[in-house]
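Lifted from TrEMBL, the feature list:
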TRANSMEM  39-61  transmembrane segment
DOMAIN    50-291  domain 'G-protein coupled receptors family 1 profile'
TRANSMEM  70-91  transmembrane segment
TRANSMEM  111-133  transmembrane segment
TRANSMEM  145-169  transmembrane segment
TRANSMEM  189-212  transmembrane segment
TRANSMEM  240-263  transmembrane segment
TRANSMEM  275-298  transmembrane segment
Amino acid sequence: SDAVAVGWSAWRLYFPSRWSLQCSRINCFVDFLVRGSVFLSLLGLATVCGNLLVIISIVYFKQLHIPTNYLILSLAVADLLVGVVIFPFSMAHTVTSCLYQENVFCKIRDWFDITLSTSSILNLCCISIDRYYAICNPLTYKTTVTVRVAGVMIFMTWSVAAMIGISIIIGGQGTCEEMCLVDVVLTNITGPILAFFTPALIMICIYLKIFFVAQKQRNTIQISISGTVSKMERKATKTLAIVMGVFLLCMMPYFLCIVFLPLASETPPFSLIEALNWFTLSNSMLNPFIYGFFYSWFRSACKVILSGQIFTGNFANTKLM
C-alpha cells in the first residue's frame, strides 16, 4: 500500500506538470502559426492590391500606353501572380514545414517560383534595355523601341522564363521528404546562373553605361525642349534603376546562399532558408510603393481609381502628367 501511495503521489506531481509543459509548447506553436499566417496574409494582400493598381492604371489610362509602361505592366503581372499563386503555396510550405506534402506539391511550387522570379528579372532586363535607348539614343528611341517591339520583348521574357522553369524542374533531383528547400534549384547551380546572375550582370552593365552617358549629357548644352525631354527620361531611368536595385537587394542573399550551399559543411536551418525566400518574395510588394513615391502619374491614377471615378464616367483620356 505504501508503494502504491508513493507511486500515486509521484504520478500526480510529474504528469500534470509534464502535461502543462506540453500544453504550453503547443499553445506557443499555435500562436506562432496564427501570427505568422496573419502577417504573411497581409503581405500577400498588399502585394496583390499594389500591383493590381499598377495594372489598372496602365491599362485604363491612354496616356500611359507607351512601351516603357507596357514593360512595367508585364513586371506588375509577374508580381501580382507572386501574390496570388506563390504566397499561398509558400505560406503552407512555411507554416506546416512541409508536413503531409507530396513531391508534386513542391514541384508545382518550385516551377511557379522559378518562372515568376525569372520573369521578373528578365522584365527588368528589358526595362534596362529600354532605358539605354531612351538615354543613349534619344533621337532614334521612339522609332526603335515601339509598342510592337515591347510586345515582342514581353513575349520572349515569359517564354524564356517558362522554359527555364521547366528545364530546372526536369533536371533537378530531390524530394520534399527531408528538407523543404527549393530542391531542384539547390541541386543545380546552372539554374541560378541562367535565371538570376547572368541577367543581373547584364542589367548592371547597362545601367553603368547609362550612368556614364547621363553624366556626359549634363555637361553638354541642349535646347530647352530636348533638355526637358531628357530630364523626364532621366527621372524615369532613375526610378527604374531604384526598382532594379531593390530587386537585386532582395534576391541576392537567397541566390548567394544557393550557390555557396554545396561548400557548406552543414545544411543551413530550414528557418534561414525560408526567411531568405520570403525576403525575395517581399520584393513583389515593394515595387508599387516605389512607383507611388517617384511617379506622379501613378499617384494621380491611384486617386482616380480609389475614389471610384472610373466607375462613374470615362476618365481614360485624363492627363496624369
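Even glycines carry a Cβ here, placed using N, Cα and C.
The transmembrane segment (189-212) shares the most Cβ pairs under 8 Å with 240-263, out of the stretches 39-61, 70-91, 145-169, 240-263. Residues 67-68, 71-72, 74-75, 78-79, 81-82, 85-86, 89-90, 140-141, 144-145, 150, 153-154, 157-158, 160-162, 164-166, 168-169, 182, 184-185, 191, 195-196, 199-200, 202-203, 206-207, 209-210, 233, 236-237, 240-241, 243-244, 247, 251, 280, 283-284 of the same chain lie 6+ residues outside the transmembrane segment (111-133) yet bring a C-beta within less than 8 angstroms of a C-beta in it. When pLDDT values are averaged over the domain 'G-protein coupled receptors family 1 profile' (50-291), the model yields 80.
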